[in-house]
Amino acid sequence: MQSSMMEKLSFLYKPYVLAVLTIGYIAGELGHYLIGVTSKATAIELDYGDQACQQNHTDFLRHELPAQCAEFIIEHECHQQHINGTVYCEWNYNGLGLEYQLLAGPSFIAVFTVMGVVLGVAADRYNRVRMLFVCTLVFAVAILLQGTVKEYWHLILLRMVMAAGEAGCNPLATGIMSDIFPESKRALVMAIFNWGIYGGYGIAFPVGRYITKLDIGGLGWRVCYYGTGVLALIMAVLTGTTLREPERQSIGEDAAGKAKINLVKVLLQPRVLLLVLAASIRHSGGMTFAYNADLYYNIYFPDVDLGWWLFAVTIGIGSIGVVVGGIVSDKVVAKMGIRSRVACLAISQLLATPFAFGSVYFEPLWAMITLGISYFFAEMWFGIVFAVLVEIVPLQVRSTTIGVFLFVMNNIGGNLPILVDPLAKAIGYRGSVMFFYAGFYGISTVLFFITMFFMDGPKPEETAATIGHDPTSHANHVEMGHENNTFQPDDYLPSPHANGHTANGHRNIVSRATPATMAQWRDLLGRAQNLSTAQSGQNLSH
C-alpha cells in the first residue's frame with residue numbers, strides 16, 4: 001500500500017528536487033547580498049568605510065531643502081545646514097568606500113571561485129547530494145554567525161566561509177538537475193534554479209531595509225542574518241535527508257563515454273572562451289547593480305522609499321523574464337540548434353541595455369519603470385548560459401567545466417565592481433554605476449553576438465527510415481539530440497575519409513551529422529557485414 005502510494009507521488013519528486021535546490025540557493029544568495037542593503041547600519045556599528053554628509057531622519061523632502069546634503073564635503077559645513085533651526089544633515093558612515101567594496105566583492109569572490117573549481121572537480125567523482133548537504137550546512141552556519149560579529153574583520157572572515165559553502169551550490173546542483181530533467185526542459189529548469197541569485201538579491205531589499213528598521217529585540221540588522229541562517233539550515237537538512245543521488249546521464253549523446261577527455265582542450269575551445277568572456281562582462285554589470293542599487297537610490301532619492309519597488313521588480317518582473325527566457329530558448333533550440341540559445345542571449349541583453357541606462361538616469365518613477373523593462377529582458381541570461389555550457393562539453397568533465405567557468409566568470413564579474421569607487425571619485429557615483437552596470441550590458445551583447453557564430457546551427461533533417469530505427473545507433477542519436485562529446489578518438493569513426501576534421505588524435509563530431517556522413521556510415525556497415533559473411537564462409541570451409 002505504501003509502495004503504491006509512493007509510486008503515485010513519484011511524479012512530484014523532480015519538481016520537489018528543483019524546489020529544494022532553488023530555495024537553498026535563494027537562502028545562500030540572500031545571505032550573500034544582505035550586506036548591500038544593511039551596509040550603512042553595519043558600517044555605523046562596526047566602524048568601516050567612508051563617511052559623508054547625508055540627509056538625516058527629519059521629515060523634510062528633498063525639494064524643500066535649500067541645499068542638498070551631498071554637496072558638502074566638510075563635516076562642520078554639513079552640521080550647519082538647517083531649516084528654521086532644524087538641522088537636516090548629518091555626518092556619518094554611508095556604507096560605501098573601498099572597505100565596503102572589498103567586503104561585498106573580493107573577500108567573497110576570492111574563496112567562492114577557488115572552491116567552485118575544487119568542488120566542481122569533486123562533483124565529477126563523488127556523491128553530489130552529500131557534498132551539497134555539507135556545502136549548504138557550511139554557508140548556513142556562516143550566515144547565522146554573521147549576526148554575532150563585533151569587528152569588521154569578523155565579517156570578512158565569515159563571508160569567506162560562507163563563500164566556501166555556497167561555491168558548491170551551482171556545480172553540484174547543475175549536475176544533479178541535468179541528470180534528472182530531459183533536454184526539452186533544461187533551459188527552463190536551469191533558469192529557475194539560477195534565478196535563486198536574483199531571488200535572494202530581490203528579497204534582500206525588503207528584508208535588509210524593513211527588518212532592520214523594526215529593530216527586533218534591539219538587534220537591528222543582525223536579525224536579518226539570523227533568519228536567513230535558520231532558513232538555510234532547514235534546506236540543508238532537507239537536502240541531506242530527502243534527496244538521492246541520480247544516475248549520471250549524458251547530455252544529448254555520449255556514445256563513447258569511456259574515451260578519455262582532455263579537459264584543457266574542452267576549456268580552450270573558442271566557443272567556450274568567448275562564452276565565458278561574454279558571461280563575465282554581463283555578470284560584472286549585474287553585480288555592479290546588485291552591490292550598489294540600494295545605496296545608490298538611498299543617496300540620490302533619500303526621501304523616496306523604493307524598497308518594495310526594488311523587491312517587486314527583481315522578484316516579479318525578473319521571475320517572468322527568467323521563465324520566458326527558458327521557454328523561448330527550449331522551444332527554438334530544437335529547430336535552430338544550440339546557436340539559437342546564444343542568439344536569445346544576445347537579443348535579450350540588447351533589449352535590456354537602453355532601459356538599464358534609464359534606471360540610473362531618471363527620477364524614481366521612470367527609474368523603476370525602465371528598471372522593470374530592463375529586468376524582464378536582462379534576467380533571461382543566466383539559465384540559458386548554463387544550458388548552453390552543459391550541451392557543448394562532455395559528460396565526464398561537465399561539473400569540472402562548470403566550476404572553472406564560474407571561477408573565471410566570478411573573478412572577472414565579481415571583482416570588477418571594486419573599480420566603481422575610484423571611478424566614482426573621478427566622474428561621480430551615478431556615472432560610475434552607469435558605466436559598469438548598463439555599459440557592461442551593452443558590451444556583453446556584442447560578445448554574445450560574436451559567440452553565436454561559433455556554435456552549432458540547426459541539424460539537417462533526416463527521416464527515421466533513412467537513418468534506421470535503432471534507438472542505440474550513433475546516427476539516430478545525433479539527429480535526436482545535441483551531442484556533447486566534442487572530442488572522440490579517431491578510431492571511433494572507421495573511415496579516415498569521413499566528413500570531419502581531425503586534430504591531435506581527436507575528432508569533433510558535434511556538427512558532422514550530414515546526409516553524406518550518414519551515407520558513408522551505411523556504406524561502411526554494408527562492407528563490414530559482407531566481410532563478416534565472407535569470413536564466416538571461410539571458417540565453415542575449414
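Glycine too: its Cβ is placed from the backbone N, Cα and C atoms.
Feature annotation from TrEMBL assigns transmembrane segment to 12-35 (among others). Proximity of distant same-chain residues to the transmembrane segment (12-35), defined by a Cβ-Cβ separation under 8 Å and at least 6 residues beyond the stretch ends, is recorded for 42, 100, 103-104, 108, 132, 136, 139-140, 142-143, 146, 155, 159, 162, 165-166, 169-170, 173, 176-177, 180-181, 189, 192-201, 203-204, 207-208, 224-225, 228-229, 231-232, 235-236, 238-239, 242-243, 290-291.
In the predicted model, residues of the domain 'Major facilitator superfamily (MFS) profile' (17-456) average a pLDDT of 86. If you look up TrEMBL, you'll see 17-456 marked as domain 'Major facilitator superfamily (MFS) profile'.
Annotation comment: TrEMBL describes 100-122 (among others) as transmembrane segment.
Look at TrEMBL and you will find 129-146 (among others) tagged as transmembrane segment.
If you look up TrEMBL, you'll see 187-207 (among others) marked as transmembrane segment.
The annotation transmembrane segment is assigned in TrEMBL to 219-238 (among others).
Within its own chain, the transmembrane segment (306-328) is flanked in space by residues 187-192, 194-195, 198-199, 201-203, 205-206, 209-210, 293-294, 297, 344, 348, 364, 368, 371-373, 375-384, 387, which lie at least six positions past its ends and keep a Cβ under 8 Å from the stretch. According to TrEMBL, the feature transmembrane segment maps to 306-328 (among others).
The transmembrane segment annotation in TrEMBL covers 340-362 (among others).
What TrEMBL records for 368-390 (among others) is transmembrane segment.
Annotated transmembrane segment per TrEMBL: 402-420 (among others), in sequence order.
Sequence-distant contacts of the transmembrane segment (432-454) (same chain, at least 6 residues past either end, Cβ-Cβ under 8 Å): 270-271, 274-275, 277-279, 281-282, 284-285, 288-289, 292, 296, 339, 342-343, 345-346, 349-350, 352-353, 356-357, 359-361, 378, 416-417, 419-421, 423-424, 426. Annotation comment: TrEMBL describes 432-454 (among others) as transmembrane segment.
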The transmembrane segment (100-122) in contact with the transmembrane segment (402-420), cutoff 8 A, at least 3 CB pairs, sep 6+: yes
Contact between the transmembrane segment (187-207) and the transmembrane segment (368-390) (at least 3 Cβ pairs under 8 Å, separation 6+): yes
Among 129-146, 340-362, 368-390, stretch most in contact with the transmembrane segment (402-420) (C-beta, under 8 angstroms): 368-390
